[in-house]
Every structure is written in structure tokens, then in C-alpha cells.
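One structure below.
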């Protein structure tokens with residue numbers, strides 16, 4: 001429709017030009033010579049032109065209304081174009097008045113005939129008034145007075161395009177030899193200067209090639225193909241123009257992007273550009289770009305993707321004995337190409353409305369990049385010099401109103417770029433499955449405790465190592481995706497790491513959230529739901545931390561990685577220390593019940609436990625200052641914030657606002673010690689049935705060895721029974737028989753079986769150890785039964 005509108009306008013001006021030329025010839029002294037040819041040979045043409053003109057005047061308002069309604073052009077463009085039509089009609093009226101005189105000499109009649117003089121005066125006055133009104137309306141509505149120069153430049157550009165198209169039909173001319181000078185703006189001053197123009201023909205591309213390359217880079221980015229393209233700072237050589245049948249398919253088959261086998265059947269009336277031989281090798285993948293309708297479609301179609309690496313059977317891990325099939329997770333369905341085309345049209349429409357809105361508030365800015373994400377699309381704009389960033393951020397609600405968006409988030413500026421980012425929610429939201437991140441090359445990296453977080457706005461999979469965090473704080477309102485994020489963290493760990501590599505302690509005051517993971521071999525204790533038991537578990541972790549520090553000191557190493565490496569390299573007769581992750585799902589319920597004890601335990605663990613491989617993950621839905629205290633924030637540099645109610649809550653979590661503008665359902669902001677600027681990420685969605693399948697698979701690798709029974713003291717107090725030996729303990733023989741039968745030497749186990757107090761059961765175990773029936777305490781391992 002966009003091309004039709006342009007041709008419609010061109011036809012109208014062509015008709016007016018023919019009429020103007022004919023009337024002008026009739027007014028000149030040469031009319032005696034040309035009058036016969038003009039009114040006889042062109043008579044039929046003019047008759048047809050006037051006939052069509054009457055039809056045009058009827059259709060003209062409808063076409064303009066449709067162009068505005070569908071956002072084919074901006075309001076400013078349509079307004080100025082149509083105002084030009086009004087001026088053209090005025091000029092035609094001027095010539096028509098003078099053409100009524102029968103004499104041939106224009107000046108003579110102009111001086112004699114008073115009516116003609118009065119008519120000319122009226123028309124000239126009307127022209128001046130129209131120009132004044134034109135300038136005034138552009139200043140009032142669009143805050144722009146340079147539109148006349150822009151209009152002339154645009155007309156000059158379209159005339160060049162017209163002549164190139166005309167010359168391309170002649171065999172002795174090639175339209176691609178006529179190259180246009182385009183302005184290339186660089187992000188770095190060292191590379192390119194603003195408004196710098198390159199005149200060398202080999203370094204200049206025309207407008208169609210630029211649009212094709214821009215779309216091609218977007219196509220590569222959306223389909224996860226390697227590319228390092230920045231059209232704002234890269235100059236490409238001219239591309240060759242070839243027919244579809246003359247493409248060398250052997251060359252294309254060597255690349256990651258291949259043509260469809262039925263490429264010859266695709267729209268043979270359209271020319272294709274074959275992109276290769278690009279300067280600096282910035283684009284090393286060749287492809288076939290559809291040159292016609294590149295602006296309306298906005299994507300490169302008819303390019304088939306060859307999946308080079310697709311592994312659906314199993315994920316290889318360092319521990320070959322611990323392998324879990326990726327099929328336990330739901331797999332993503334194939335995208336619909338029709339939806340992608342509609343999505344690209346929607347993006348073009350939004351970009352035009354966004355630029356109009358900025359103009360309405362007298363903000364001159366250039367749209368330099370569009371980054372399409374699964375949930376939001378970020379429009380990167382470069383404001384003119386002297387524009388305050390606060391002026392842009394203050395109109396976020398107006399932008400949301402014009403675009404009918406739920407929330408609009410503005411990043412002013414984008415870190416590392418000379419631009420402001422405006423994030424607008426997509427009309428059609430794309431859900432990210434956890435399998436997309438786990439079954440990616442990013443997840444196959446060398447991670448000690450991997451966490452498949454999600455996808456950022458550019459489509460890149462985000463996976464980070466919890467060891468480098470070293471602790472993680474997760475906060476967000478109810479239903480924003482916090483619990484799913486915690487489940488994704490646990491799923492990432494137990495999917496990729498064996499129980500010998502990572503151990504887990506889960507504390508769930510809400511009782512129902514983490515119960516699904518009970519009985520997996522990674523657990524050191526069943527999922528804890530009681531506050532007192534949670535405190536005892538954290539005290540045990542503190543003792544375990546001190547024990548590990550003693551082990552590290554004995555080997556003269558600084559951290560757990562060096563400790564395990566030294567054991568392997570020197571074949572020492574010592575046990576490898578597994579990493580320990582403590583996950584607390586609802587931290588607010590715990591800290592409000594036992595603030596002093598819990599805060600001291602958390603602070604000590606967060607400050608000292610990272611070196612010995614103990615890491616904390618705290619999640620809460622109440623981001624208040626009495627829950628997330630300054631001491632906790634200081635020891636948790638890595639934080640995730642989902643949607644919150646207010647900017648105050650966002651500042652408590654992240655230290656800055658922005659989380660209140662999130663959309664929920666996994667939409668998050670993530671900061672870390674390596675990247676303190678909040679990065680927007682869409683979290684992976686994990687269904688409950690996927691958790692069930694994963695847990696059942698993990699249980700096949702063994703049962704849990706709960707050693708935490710000894711750390712929980714029974715709340716029922718009874719008088720201490722001091723026993724010096726087996727003869728002094730009447731229940732010793734029964735306890736020894738239980739240990740011999742069950743092969744479990746645990747004080748809390750005897751406590752439950754014999755229904756006695758913890759102190760008494762612990763004393764019985766000590767007597768067994770002294771007599772050589774059971775082994776000593778062996779760290780996180782259960783006691784060895786020697787009988």
C-alpha cells in the first residue's frame with residue numbers, strides 16, 4: 001500500500017505538470033508555432049488527463065485517510081505533501097487566469113487588462129499567505145521549520161530513484177552504477193563523525209541495499225546466527241544484482257544460511273540481491289535478500305535455516321554416569337512465519353508513532369536501532385545535542401498513551417551507547433520455556449552451579465554461575481514469577497550436576513512450594529518447613545563452614561575449587577567437598593519470626609561461606625526495609641527483581657526504580673557485582689508436570705543420605721540421663737539391634753524409634769562409638785556401621 005500511495009501521488013503531479021506545461025506554451029510568443037501541436041496532438045492526452053483528474057479528486061481523500069489510518073506515513077509527511085498539492089493547484093489557477101487572454105504577449109496584456117492584474121495580485125497574495133500558514137502550521141503541530149529543505153531533499157531523492165528505474169530498462173545503462181551518497185552515523189567519534197559522507201563509489205550503498213542489509217542483520221539476530229553488524233558504523237561495498245536463476249547454490253550451501261530448494265518458484269517477477277564480498281568481513285554469511293517490498297515486509301523471507309547442532313537425546317556432562325534426558329522438559333513449538341510478518345508490521349507502526357510523539361514534545365531524536373525481544377521491543381533513539389534526558393523520561397506515560405501500551409520503561413542512557421532506550425511491550429507475548437535455555441550452547445559452558453535464568457531483550461540466553469554471584473536475592477510481588485524462578489534454579493542444578501557435585505538444603509515456610517523436590521539425592525535434609533528446624537539447619541551450615549575452613553587450612557589453599565583440584569592432582573586420600581546451596585523460598589516469614597538469630601546467621605554465612613562453597617539463595621514477596629535490611633543487601637550483590645507495586649520497593653531491591661514498570665509472568669531485572677546496571681530478562685517458564693518428570697528421573701540415581709537428623713534438637717525437654725556405659729543404659733541393647741538392622745547410626749533416628757530425648761539418644765551413639773560399633777562423625781556423610 002505504501003508504494004501504491006507513492007505512485008498515486010507521483011501520477012497526480014505528473015498530470016499537473018503536463019497541464020502546466022501545455023498552458024505555459026500557449027502563453028509564450030512561440031505559441032504560434034507550437035499551438036497546432038499542443039492543441040491537436042496533445043488534445044486527446046489532455047482530455048484523458050482531465051477526465052482522470054476528476055476521478056482522482058474523488059479518490060484522493062480516501063487514499064489519504066487510509067494512509068493515515070494505517071500509519072503508512074507520518075502525519076507530518078501526509079500534511080506537507082497535501083499542502084504541496086494545494087500550492088500546485090494555486091499555481092495552476094494562476095496560469096489558467098493568464099491563459100484566458102487571447103493576445104500572445106504576456107507583459108502587454110498584464111499591463112492593459114485590469115481584471116487580469118487584479119486576478120494575479122489576488123493569486124500572488126494567496127500564495128504568500130499559504131506559505132506563511134504552511135510554515136506556521138508546521139511549527140505549531142510538528143515544532144519544525146526545516147521541513148521545506150527536507151521536502152526538497154526528499155523530492156530530489158525520489159527523482160534520482162525515478163531516473164535510475166527508467167535507465168535500468170535500457171540495455172546500454174545499468175542503474176546500479178548510479179550510486180547515491182548516504183550519511184553514515186558512527187557510535188564512536190574515532191571511527192566516524194556525525195554527518196560524514198563517503199564519496200568513494202565502492203564504499204557507498206544505495207537506500208535499498210541499506211534496508212536489505214539492516215533487515216538481514218535483524219534476521220540473523222532473531223535466528224541466533226553469528227553476526228557482528230552495526231550499520232551505523234560499518235560501510236559496506238556495493239552488492240551485485242543477479243537473477244534468481246543465476247545464483248550459485250554451491251556457494252550458498254557452504255554457509256549457515258541456505259536457500260530453499262524451490263527458490264526458482266518464488267516470485268520470479270522480483271529481483272534478488274546476492275550479498276557477499278562485504279568490507280572488513282563484518283558479515284561473513286552470504287544470503288539471498290528479496291529487494292522488492294523490503295520496507296513493507298521488514299524481514300528477509302525465503303531463507304531456510306539449516307540446524308547445524310541439534311541434540312535432543314541427552315546432554316553430555318563431566319560426570320558421564322549422571323545424564324538426564326532433555327525430553328523431561330517440554331519442547332518449544334515451531335514459530336508461525338505469518339505471525340512474524342504481522343509482528344514486524346506492528347513494530348514499524350509503533351516506531352512511526354513513537355517518533356511522532358517525540359516531535360509533539362519538541363524532542364528531536366533519531367531512531368537508530370530496533371531490538372526485538374520476547375516480551376518487549378526496545379527502540380534506541382539518539383537525541384540531538386542539548387536535549388535533557390529528563391525531558392525524555394518524563395513523557396513515558398504519554399508514550400504509553402499514544403501506543404496503547406500497559407507500561408513503558410525508558411533507559412536513559414543505554415550503558416555504553418550514545419542512545420536512549422524506550423522499551424515497549426509487545427502485543428503478542430512470547431513465552432520462554434526452560435528447555436530453550438538448558439538445551440543451548442550457553443548452558444553447556446563451564447559452570448560449577450549453573451542457573452538457566454532466561455532470555456534478554458536481544459534474544460540471547462542468559463546463564464550465570466551461582467559461584468560467581470556468590471549469593472542471590474530474589475524478590476517480587478505475588479504472581480510475578482518468583483516461585484517459578486526458584487524452581488528453575490533448582491531444576492538447572494539437579495539437571496546438570498550430580499549429588500556428589502552439589503548438595504541442597506531447602507527451607508520452605510509456605511510448606512507447598514518446594515515439597516515437589518523431596519527425596520532427591522541432592523538433599524542433605526528433607527524440605528524444612530518449621531522455623532526452629534530452619535534455624536538449627538543454618539547453625540549446622542555455620543559449623544560446616546568452619547569445618548571446611550579447617551580442611552582448606554590443612555592443605556594451604558584459599559577456596560574450595562583449589563582444594564578439590566589439589567586432591568585430584570596429588571591423589572590425596574581425602575574426600576571431594578561438594579558445593580552447598582541453601583535455598584529459602586519465603587525469607588520474610590522466617591526473619592519476622594526470629595529476626596535477631598536469623599539475621600546473624602545469614603550475615604555470617606553470606607560474608608564468609610563463599611570461599612568454602614556454601615551459597616545462599618533468598619526469595620521473598622515482601623520487599624520491605626524490615627525484611628531486606630542493609631546488612632543483607634550489602635552481602636547480596638546479585639539480585640533479581642520481578643514486578644513490584646511501587647518504585648520504592650524497586651529501590652529497596654535494586655537500588656533504583658524500574659521494577660514497577662515490569663509486566664509480570666517472569667519479566668525481571670537482574671543486577672550482579674559484574675554488571676550493576678539492571679538488565680531486563682524474560683525468565684524461563686517451568687510447568688509443574690515438568691518438575692514431576694525431572695524429579696522422577698533424578699530419583700533413579702539414588703536415594704538421599706540425610707545427615708541433618710543429628711542437627712535437630714527435640715523441642716520436648718526431659719531430664720538428662722547420665723549413662724557411663726552399656727550397663728547403665730537399659731535401652732542400649734535395643735538401640736544396638738536397631739542400628740545393626742537398619743545400618744543407620746543417627747541420634748535423631750534412635751530418638752524417633754525409641755521415643756526418647758535427643759540428649760539420651762546422642763549419648764547412646766557415643767557409647768557405640770567408644771565400643772567400636774559405629775564410626776566417628778564424617779562431615780556430611782552418615783556414620784559408618786562397623787558391626
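Every residue gets a Cβ built from N, Cα and C, even glycine.
Positions annotated as transmembrane segment by Swiss-Prot, on the basis of sequence analysis: 10-30, 33-53, 77-97, 109-129. Annotation comment: Swiss-Prot describes 130-787 as topological domain 'Cytoplasmic', evidence class sequence analysis. The domain 'FtsK' annotation in Swiss-Prot covers 459-651 and is backed by sequence analysis. Summarising the annotation, Swiss-Prot assigns ATP binding site to 479, 480, 481, 482, 483, 484 and lists sequence analysis as the type of evidence.
In the predicted structure, the domain 'FtsK' (459-651) carries a mean pLDDT of 89.
The Cβ of 484 has fewer other Cβ atoms within 10 Å than any other of the binding-site residues 480, 484. Within 10 Å of the C-beta of residue 481 (ATP binding site) we count 25 further C-beta atoms, all protein chains included.
In this structure, residue 479 (ATP binding site) belongs to neither helix nor strand by DSSP; it is coil. Residues 479, 480, 481, 482, 483, 484 make up the record's ATP site, and a Cβ search at 8 Å around their centroid adds 476, 478, 485, 642, 665, 666 from the same chain. Working note on the binding-site residues 479, 482, 483: by count of other C-beta atoms within 10 Å of each C-beta, 482 ranks first.
Reduced to three states, the DSSP call for residue 484 (ATP binding site) is helix.
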